[in-house]
Amino acid sequence: MFITKHLLFHSQFKCIPRVPFSSRLFCSENPSINHDVETVFRIINSSPSSKNLKESLKSSGVFLSNDLIDKVLKRVRFSHGNPLHALEFFNYSGNRRGFYHTAFSLDTMLYILGRCRMFDKIWEVLIETRRKDSSLISPRTVMVVLARVAKVCSVRQTVESFRRFKKLVPGFDTGCFNALLRTLCQEKSMGDARNVYHSLKHEFRPNLQTFNTLLSGWKSTEEAEGFFEEMREMGVKPDVVSYNCLVDVYCKGRELDKAYKVVEKMRNEDIMPDVITYTSLIGGLGLVGQPDKARDFLKEMKEYGCYPDVASYNAAIRNYCIAKRLGEAYSLMDEMVNKGLNPNATTYNLFFRVFFWWNDLPSSWNLYRRMMETGCLPNTQSCMFLIRLFKKQEKVEMALQFWDDMVEKGFGSYTLVSDVLFDLLCDMGKLVEAEKCFLQMVEKGHKPSQVSFRRIKVLMELTNNHEALQNLLEKMAIFGMHIPKCVDSPTKTLDLDSLPVNHTFVTNLSPRRLKPRHVKKVAVIGGGLMGSGIATALILSNISVVLKEVNSEYLLKGLKSIEANVQGLVTKGKLTQDKVQKTLSMLKGVLDYSEFKDVDMVIEAVIESVPLKQKIFSGIEKACPAHCILATNTSTIDLNIVGEKTSSQDRIVGAHFFSPAHVMPLLEIVRTEKTSAQVILDLMTVGKIIKKVPVVVGNCAGFAVNQSFFPYSQGAHLLVNLGVDVFRINRAISSFGLPMGLFQYSSFLNIILCVILFHIYNVHVVIMLAVFFFFFRAGAGVGLGWFSGGNTMSKCSTFNLVMGALIEAEASSDCFLASRHSWIWSSHGSWESKNNGKGYYIFERGSKPKPDPSVLPIIEESRQLTNIMPGGKPISVTDQEIVEMILFPVVNEACCVLDEEVVV
């Protein structure tokens with residue numbers, strides 16, 4: 001038998017009798033206190049001032065008991081209510097003579113403030129609580145506060161906050177130390193917890209809970225073994241939890257033999273393996289591809305004094321889901337029911353995950369109905385799988401029925417689900433239904449996101465539904481939200497063409513009732529990497545394409561690229577061979593504009609040259625019919641400049657695809673002030689037909705995506721010129737999780753683009769200083785990365801070192817720092833990236849890209865020209881600092897793009 005072979009258990013283990021399943025007892029709540037909670041909650045959220053809040057609470061006649069205050073603060077927490085109003089209520093109720101808050105109220109109030117980063121207010125509350133009743137401040141309080149600090153601040157700041165509790169907690173002992181370690185394990189990383197443990201362990205006496213916390217989440221078996229050994233050296237005897245942590249680490253690392261030895265060791269020390277031990281082993285067997293052995297293990301557990309619980313079955317079911325053997329997974333779930341175990345939300349979520357990735361809505365819906373019939377409510381992740389499937393397949397009725405179930409039963413996250421639901425309803429023009437769902441959410445005390453509210457608000461303005469809009473504004477005022485106005489006057493009739501760029505996605509609901517025109521034929525100018533990809537995406541969706549090139553050689557290359565793209569889909573099993581000929585029959589190659597007389601849209605995809613694009617648009621304006629949409633795939637050039645020599649600027653629009661265009665799902669639709677709403681609607685419709693995700697953005701430098709990623713390139717080039725190895729930078733970014741680093745991507749495309757951009761924008765070295773300004777914007781306020789805290793900038797030696805180098809470069813150079821690379825590459829010639837296998841990386845057919853050592857002299861030349869290395873020596877940075885230097889500015893710039901409403 002499997003267990004006998006590996007675990008050698010003895011028969012003296014006693015069997016644990018099974019506990020019969022019994023139904024839960026539910027206690028009905030007092031309706032009177034629920035009414036009082038609702039009354040106080042509305043007073044808190046609707047009061048314009050502290051004085052008004054106090055007067056309203058006094059006049060309400062509601063007795064503020066501990067139980068009521070607990071419930072009100074809990075309501076504020078889960079509805080994301082106004083934290084300052086909640087604090088006013090907390091202080092008002094706590095200042096009554098002889099009244100003391102409960103520990104639950106204190107911890108909830110601290111959580112609300114911490115979530116909004118009001119750390120100064122947190123310490124004020126804690127100091128006042130210490131003065132009044134210090135016994136309320138417990139290790140749990142420590143953990144609540146530190147968790148919020150760790151969410152947005154550095155490890156150093158988290159530890160500093162921990163030390164501040166020394167004057168606040170009556171018993172600042174190992175229990176508080178354990179709270180710090182648990183916080184770091186959950187909010188930061190196990191490595192951070194390890195480092196803090198070693199630096200502070202001499203100040204506290206680590207106990208069993210300390211080591212169990214440190215053992216609980218390792219993926220590295222070496223680290224876990226090290227802590228286990230240290231535990232024994234300090235005379236702390238491990239318990240079943242300690243051993244279970246070690247077993248779990250081995251199982252996650254697919255080291256099953258070591259896991260079995262640990263179980264034998266437990267037996268030798270008279271520590272009986274429990275159901276968690278076996279559950280870890282079952283999961284480990286699934287990871288090594290042995291789901292059937294795991295099922296046998298499940299059957300044999302009871303012979304050794306341990307009966308499988310729901311978690312054990314879930315581990316076995318997960319194994320079959322990973323192996324895509326849903327039949328066996330379903331049979332295990334039926335077996336659970338037959339044994340008197342009820343599948344829980346996690347059980348069903350395992351299936352929902354598989355169905356979501358398979359895009360199998362019928363199976364998901366049937367499983368959901370079965371789940372509801374058994375009385376088990378979905379968790380938030382299952383809800384998100386379902387609502388995303390509804391949106392993907394545009395199933396409005398299913399989505400609304402699902403939402404009604406959520407409102408009635410009270411499961412799932414209203415905020416997360418509603419964002420997707422409102423997107424679906426607005427896209428489908430279901431404004432009445434969107435308003436109803438919105439009001440249901442508010443009545444439940446949950447705050448909709450500003451993005452969702454803004455979208456519904458714009459739709460109501462477009463349909464002149466001002467009465468309903470005013471009602472929503474009043475409802476949202478309960479949450480103390482500042483709602484930005486989308487138009488100058490709520491009573492003014494809107495002109496669709498005058499709407500801000502981020503509102504054009506609702507054109508189909510305008511008073512003019514625009515309808516998308518049918519686009520049957522599209523001309524693509526340029527058969528290079530982007531042009532061939534765009535043409536591929538169009539013909540795969542049965543849209544005829546005319547591909548134009550400047551000569552026969554380039555045209556033939558373009559046509560062959562498109563054919564290769566289509567054949568590649570056959571190889572991957574995404575297209576059948578019998579459909580290839582039909583797909584390619586939708587394509588025609590030309591060398592002039594003679595075939596443009598009946599096209600519905602033209603997409604220009606040539607190189608980033610302003611004169612060339614202007615010449616093309618002047619030509620196609622004359623060759624194409626009056627209704628034809630004139631689109632450009634430019635990723636950087638101002639559309640007003642592209643179309644300034646035409647008289648049809650209302651038809652000019654940006655259609656920015658991402659490489660490879662037939663694979664990448666995003667499509668930026670760039671609108672100028674003169675682009676008509678009809679053109680935007682038509683291009684959005686085409687985007688959906690070719691299975692893209694169209695996003696309407698403003699006509700600005702880099703639009704939305706490239707503007708967000710400008711700092712990405714700047715940070716990488718800056719590090720190279722400061723002496724950091726170019727291939728190490730690439731490895732650090734790839735290890736972080738991106739498919740490839742900047743320099744491999746540059747090799748994949750063409751670095752000559754940098755030279756072109758330099759000509760277009762004449763970028764100055766001050767842009768490089770802006771990279772570090774981005775760091776300061778991202779880090780100083782919330783404690784991220786190097787710049788954690790307001791005064792850290794002046795203390796950070798790395799920051800001062802780099803800023804000094806940049807200032808010197810600014811004083812001595814008029815060139816854009818990164819463009820040094822571009823000019824040097826250009827002067828060396830023959831840079832054509834993947835096209836000829838040259839670049840930072842060598843591309844050889846059939847093998848992975850390899851670093852090209854021949855670029856090192858060129859990089860050294862760039863460093864000498866830029867001359868910003870401090871003292872002429874390379875700076876010293878860790879891989880983590882490389883990632884932060886490159887990606888933190890990107891995150892911050894993306895937030896700025898959203899804040900500036902370049903895109904909604």
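Using N, Cα and C of the backbone, Cβ positions are placed for all residues, glycine too.
Copied from TrEMBL, the annotated features are:
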- 239-273: repeat 'PPR' (REPEAT)
- 274-308: repeat 'PPR' (REPEAT)
- 309-343: repeat 'PPR' (REPEAT)
- 344-378: repeat 'PPR' (REPEAT)
- 379-413: repeat 'PPR' (REPEAT)
- 414-448: repeat 'PPR' (REPEAT)
- 521-699: domain '3-hydroxyacyl-CoA dehydrogenase NAD binding' (DOMAIN)
- 702-749: domain '3-hydroxyacyl-CoA dehydrogenase C-terminal' (DOMAIN)
- 742-761: transmembrane segment (TRANSMEM)
- 767-787: transmembrane segment (TRANSMEM)
Whole-number mean of pLDDT values that fall within the repeat 'PPR' (274-308)
85
Please indicate, using numbers and ranges, the residues of the same chain that are 6 or more beyond the repeat 'PPR' (344-378) and have a C-beta under 8 Å from a C-beta there.
310-311, 313-314, 317-318, 321, 324, 326, 329, 333, 336, 385-386, 388-390, 392-393, 395, 398, 402, 405, 409, 411-412
For the repeat 'PPR' (309-343), residues assigned helix / strand / coil by DSSP:
26 helix, 0 strand, 9 coil
How many of the residues that make up the repeat 'PPR' (414-448) does DSSP mark as helix, as strand and as coil?
27 helix, 0 strand, 8 coil
DSSP tally for the domain '3-hydroxyacyl-CoA dehydrogenase C-terminal' (702-749), helix/strand/coil in that order, comes to 35 helix, 0 strand, 13 coil
Composition by DSSP (helix, strand, coil) of residues within the repeat 'PPR' (344-378):
26 helix, 0 strand, 9 coil
